[in-house]
Amino acid sequence: MGGAQVLLLLTLLGTPLVTHGTPPLVVDPSIGSQLGLGSVLGLDLGSMGGSGRPPCRPINVTVAVEKEECPQCMAVTTTACGGYCRTREPVYRSPLGPPPQSSCTYGALRYERWDLWGCPIGSDPKVILPVALSCRCARCPIATSDCTVQGLGPAFCGAPGGFGGQ
């Protein structure tokens, strides 16, 4: 392996993979031609999203809605964002920290109001839920979303009466 090829290989190993758009072109001086990054590394970058994995999109979900002052949960069917987004896992530790990861989150949304059953007189039975109109892959907005690896799940009901009065 010549010096230029070793330098090219070291440069490629230290370069993070492209996660969107057209792969950059790399010129190999020993060949004198342009090669796509995927060709040099022997990867098919077009299929890294994984065939068979559903993309980020609005999906119908049933969630448990509850309020602290109301004794029961109510199952509500709404639209949320779900599916896969392309992520990167570094092969080396960077002093800059890990690369930002994207998750499937709301692009556009509207809000719907639901009234819970069995709430005591004088309490507010109204609950407002977001409804996904469109979704996108972006950094998880931790101020408004559950960005944990595995949350409680949409059907979790912590009310003492469980699901009642449907």
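Counting starts with 1 at the first residue shown.
Cβ coordinates are placed from backbone N, Cα and C, and glycine is handled just like the others.
Just so it is clear, the model here is predicted, and its values are computed rather than measured.
Here is what Swiss-Prot records for this protein:
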type	residues	note
SIGNAL	1-21	signal peptide
DISULFID	C56-C104	disulfide bond
CARBOHYD	N60	N-linked glycosylation site
DISULFID	C70-C119	disulfide bond
DISULFID	C73-C157	disulfide bond
DISULFID	C81-C135	disulfide bond
DISULFID	C85-C137	disulfide bond
DISULFID	C140-C147	disulfide bond
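Here the features listed in Swiss-Prot are painted onto the structure.
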residue : record                      : contacts (Cβ under 8 Å, 6+ apart)
N60     : N-linked glycosylation site : T77, T78, T79
C81     : disulfide bond              : C56, R57, P58, I59, C104, T105, Y106, G107, A132, C135
C85     : disulfide bond              : C56, S102, S103, C104, C137
Here are the disulfide-bonded residues: C137, C140. Which has the lowest count of other Cβ atoms within 10 Å?
-> C140
Top Cα neighbour of C140 (disulfide bond) in the set of disulfide-bonded residues C73, C119, C157 = C157
Would you count the other C-beta atoms found within 10 angstroms of the C-beta of C135 (disulfide bond) for me?
-> 23
DSSP state at C140 (disulfide bond), helix/strand/coil | coil
In whole Å, how far is C70 (disulfide bond) from C157 (disulfide bond) when you measure between their Cα atoms?
-> 12
Across every protein chain in view, the count of C-beta atoms other than its own within 10 A of the C-beta of C104 (disulfide bond) is 23
Whole-number Å distance separating the Cα atoms of C73 (disulfide bond) and C119 (disulfide bond) is 10
